[in-house]
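Beneath this line is the structure, given in structure tokens, with notes to follow.
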């Protein structure tokens, strides 16, 4: 709980790494994932940095691996993923990897080129085969038509031209030419129209479809084609026809005129097709063997290359010292993990074979450290909800531990139904139980990723929904009588004659109520009562106010922990105390009245109880009218106490508004400004040092001992500076030069402080009123969810239960399926999303605004695990 309550204590460190050991040390730190490096070369672009050539080589290797991956996926070969996480290879191994990838790429390109040429040749031969078959059919039909015309005089007369036999005799000396080819089927209608218009109807086109689709050798797509043959007369028409075919990208093939030559060519084509099939099969087998061998290692290769690239990206953030033999880096790291970082640096130094140890030097800085919250599988989802609003300031109270309970509980208040909660709980439980198998599948669907990432949130929301549903005694809009109803109908008052003459009867609580409440939750009698909504509205409305005010009180109380931790007693006196008093006088007293009304008024006195809403209005108006007959009025003592609370609440406003600015002004004017870090600004062991601590930094004695000391990773001991006048220095954000950090005195600006305090005071005072009203959404959404569930049961499921006879089973099954689908889609998914968003708003605005600033920035360590999860993208 301690590590979750506040972010980890961070420190800025300086690393001195020998050039030959820098690569292996950064590799070890990447495996550890606890160091966030700062860029010491912000003025240099990506092409001016030292290791730009190595990064280019890594990008080229990634390109080759992506090419191989694409080819593997194209062939549908599964890529072996053993889950291994190999170490980053040594720099000298890059040459072997480059040679391996170059060989595979060239081999694949050669295989692809040969395969494409073979497929293109195979396509041409296949098209020629179809042309020879189809044209043979055309010519046979024409020959058959001529023979029939010779034996049938009527057909002969139809063939005589307008000029008679003389024109036929002159035309016998002319011969028709023809061209044959293949064209895409979708282009054929336009092709035919163009031929008709360009040749003015002086050509004759015959076409036939090729039944089987053919594979495009370039794209690999299946295309539909048709065979055509065009008859024409004269060279001019021949040239025009060829140009049109070229324009429509039709492929023309030579076609012999005589049947014998066509048969001979067809036999030759079939022989060549068989040979090509054999060669294509061998080429495909060779390609498959190469890709299968690559698929076994491609995942590991990707990991190695991305690790190398990440290391060189990180090394580009470092600076070289004047001797060009040492790399200097600055990084943020958790104080609790300094020993682990030292050990990682020691392992890296030993792996590199360097005899010079790497040095880790802890520094002081003006900069705000990053926020680092350690999380596990359960807390990570809730931490993401908090971080979506804003990352916590350094060492600020973290709302995530409290959100683990309050978020699913407020969700359940709005979503309370045992049945719907059970559906949600079982779905989340399935994801939790099978999380390893589901993670191994690496499903990249965005909706599924969202659900799976929040599986523990859904699990708790479902569990809490079952609990609140049990309190509401609501399961799919029905109630359970587990402990026995505490209401009964008197036999003396409700005789059979009375029951026969009416449908609705009012139970008198004085005679029909046993006197003891239902042991847990709502009495099931309310599920059949006409005034159920009026009763549950009153109960849930008051409960919402109590829960809301309690959570706001808790939020204000957490601000006290922040003020005490950062040692701001002025904020405690000028903000926390008046805020608590104001909230109690306004709404804490209202909650006390709610409990007073619940406890002190029995069922017999319920009609005489005062109205809380009217009483709250009269309290602020200082107006107390005379109560009606039978109504309980406000006593004189209560009037005075309520007036006192209103006056105190009003006085808290100027307290919050003016006290802090004027006290700060008084301290600044009379030289009484509080010095929080006198120990750090004084002389330590006779050394004059310059240090700075941010307002959110809390220094301990251990911090002071670590100041200005460097750690040798070989010995593991603290070694003091050899130079007694050495100063703590670090690289600035502009260049690589060293400079001594000096504390800058911030000028006190009273108008700015006054305006800032006015904004916070107005926001808090108005927020207390609006936020209390905002918590009424707990009641509103709970009512809406219960009514939707009841409507769905009444309008759908009850119809199925009303059937009788042999139709009843079939009707119930069909209607139950529809009711179940609408329950899951509407009541679980849509209503669940609505309640989720409202609970999120209550935490972000109503709860966290009382104590949470969220002005920090995330700790983003150099981690191979994160880089590989994000596909190699550098942060």
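Backbone N, Cα and C define each Cβ position, glycine as well.
Quick caveat, the model's predicted, so the values are computed rather than measured.
These features come from TrEMBL:
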COILED    51-128  coiled coil
TRANSMEM  409-433  transmembrane segment
TRANSMEM  453-472  transmembrane segment
TRANSMEM  545-564  transmembrane segment
TRANSMEM  576-595  transmembrane segment
TRANSMEM  607-624  transmembrane segment
TRANSMEM  644-666  transmembrane segment
TRANSMEM  806-830  transmembrane segment
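Most Cβ pairs within less than 8 Å of the transmembrane segment (409-433), among stretches 453-472, 545-564, 806-830, belong to 453-472. If one looks beyond the transmembrane segment (644-666) by at least 6 residues along the same chain, the residues whose Cβ comes under 8 Å of a Cβ in the stretch are 570-571, 573-575, 578-579, 581-582, 585-586, 589, 619-620, 622, 672, 748, 750, 753-754, 757-758, 760-761, 764-765. Counting residues 6+ beyond its ends, the transmembrane segment (576-595) has Cβ neighbours under 8 Å at 542, 545-546, 549-550, 552-553, 556-557, 559-560, 563, 612, 615-616, 642, 645-646, 648-649, 652-653, 655-656, 659, 764-765, 768-769, 772, 850 in the same chain. When Cβ-Cβ distances below 8 Å are used as the criterion, the transmembrane segment (453-472) is approached by residues 377-378, 381-382, 384-385, 404, 407-409, 411-413, 415-429, 431-432, 435, 520-522, 536, 782, 786, 832, 836 of the same chain, each at least six residues removed from its ends.
The average pLDDT for the coiled coil (51-128) in the predicted structure is 90.
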